[in-house]
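> Structure incoming, see below.
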Amino acid sequence: SLSKLQLKTGDLDPRLFSRLRHLQKLDLSDNLLDKFPNSLTLPDLRVLNCNNNKLEDVTALKQFPLLEELTYENNVYLTLNDDYKVMFLLQNLRLLNGKDITKLANHVRRVNSRKLTSKVTAHWEKFFRDQLPEKYTAEQVKSIKKKFLKSVQTNVVYGPSSLSEFTRWRVKMIAEEFLACSLGLELNSDTEPEEKMDENEEESTESPREAAEDVAQVGDFSSYISNVTVTPSKRKRNNSKSSPGNKRSKSQANTEEEAEDVSAEPLHFLQCHSKGNSREDFKTQLWSCVFEPVLDSGARKDPIVNSSRTVATCGGESVCLIDCETGTVLKKYKVATEEFFSVAWTTLTMVISDSRKKAHNILAAAGRRGIVKLIHVAADFCYGEIKAHKKPIATVCFSPTQETHLFTASYDKRIALWDIGIPDCDYNFKASQLLVLETASIPLRIALVPTCPEQYLLAGCEDGCFAWNIKLDKGQKSRPFEAIFQFPDDESMTTSHRVDGLAFLNDDVVVSKSSKPGCIYLWSWSRSFDAKGKGCQQTMSAVILAELEWSTTDMSYLTLSTCPAKEYVFCGDEKGSVWMYNLSSYTTAWGSAKGKRSERRISPTQILKWPELRVNGEQPPEILVNNVVADPAFTYLVVLTSVNITAIWKKS
């Protein structure tokens, strides 16, 4: 027994413990352990008590293969995912935290593993097998392995969302074993061979489309909006036949053909922003949504692995957190006198009560009152507010490199940069204004330049597209714009137009939508912006790479978004449809120094039509898609409308 000795991880000396070859029972409860050293050995350990510690990870417990009883209650950082990990890793475990887990553990080790293995194998066969040539180099193997591991962890989903971390962990493990066998790499594995599948455990073979249609028929959507009937409908653009003027290599054509059928199906229709929770509210406009970053103990910076299925949405008096897979509204935050226009996530490393630092996701929400609300989502607590502007805030965004730096763009024709500070254990924080950018008209959309997010900010405004130098080592706190960009307008170039859509497709390509009907421009930041230019307020011509064909509506504020990892652009229209553009076959050419403009407008890869949705037997009024956002892996597509309906589509 080594309980109540204030032991830390460093106190468990492997040189000493590895000599305890016959130790069977160890009590380490009521200490300060945050993890287990990997080489304690203890080959005969059967019973381990780690209650009341600060453990953050359980995977090191696999070094005790004979363990039968394990308790680690009151370790606040451990979750249900960790329970499943130890059940898988410890083949002899019978009791976990006092409960008999024999049956569940067998399911985890066999059925769960079998299903995941089947899904991983299918993912390889469908998307990756043909990418590997018959004779491949070590470099090709390395490249495809990296892509496959990233893709499979994102796209293979199984079980409830509460176990998504465990599933990702197992999928990675299975995928690595699969690649080792398939590609002949060395494999150090001690997992048992797969058992034959029982007849009654066979996987369902119906296609995602059939499954979606079944759902629609049984009226499952009606649990989200009362008395609703849904008929999914979809219109696909077939661009697979090359026109005479469109010379493409065979491989390019194949890539584009494969990408044509995105096969997204409607999953949920939610009415969760109603004023006073009224079911009759089809007037509240929904404006902004953003996917929550994943908090993972591993240092994962990859945006795809780092994407979750939880999305924050705002509109009217409320901000909602939604699980896209289940359609469950996980949390709802309301301010009766507010109309929220924008939300943004950041991850802060906060010190909690026992002086330990831990990462927590913080949500900023702002709108008509000009106030930024700061919400610690896991604690269900709005811990503070910043009175940022005296007029409404149109949009907010966090710096990708400085997690406490928040930009707020307001109807007062200013964009402010704030340091929101880090709250202490009592949620005391100090916010300060670092910079004010003066705009000539109301800023509607803002984007930090990916290659230099601490130096340049781009904004789409009511009267044009502007850039500012935001480097903080410059003296002046209030700054005019550095450049205004001009765009083609019929026969000439103009700077004066409303830019209500703005996003980066990759490090260099900007996507912007102006008030010119039917047109979305793609242009090069590096070729358009002259960093050596003298003085402020210069006019620079946007170097256009391509135009995207879009709706001919003159309706404003239907914004666009991008999915850089998948090279997609999304934009909704005035009829409830979502226009999707897969630009992966164009970006390489645009990135070359002599990348020429695409001569003709690029048609959408696919248009997702708004389903025939009847509420109380009637079609809702005119449906505008104010915003549409995909998660970084493009598994889910969240569509925000002008009629208080959030539509969630899933890519099958």
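Using the three backbone atoms N, Cα and C, a Cβ is placed for every residue, glycine included.
Curation plays no part in TrEMBL annotations; they are all automatic predictions.
Okay, so TrEMBL annotates it like this:
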type	residues	note
COMPBIAS	189-205	compositional bias 'Acidic residues'
DOMAIN	2-174	domain 'Leucine-rich repeat and WD repeat-containing protein 1 LRR'
DOMAIN	263-651	domain 'Leucine-rich repeat and WD repeat-containing protein 1 WD'
REGION	189-213	region 'Disordered'
REGION	232-264	region 'Disordered'
REPEAT	386-420	repeat 'WD'
> Same-chain Cβ contacts of the repeat 'WD' (386-420) under 8 Å, 6 or more residues past its ends?
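For the repeat 'WD' (386-420), the far contacts come to 288, 341-349, 362, 364-372, 374, 429, 431-448, 450, 453-454, 457, 459, 468, 470.
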> In the repeat 'WD' (386-420), how many residues does DSSP call helix, how many strand, and how many coil?
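Tallied per class, the repeat 'WD' (386-420) gives 0 helix, 20 strand, 15 coil.
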> To what whole number does the mean pLDDT across the domain 'Leucine-rich repeat and WD repeat-containing protein 1 WD' (263-651) round?
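A mean pLDDT of 89 is what the predicted model shows over the domain 'Leucine-rich repeat and WD repeat-containing protein 1 WD' (263-651).
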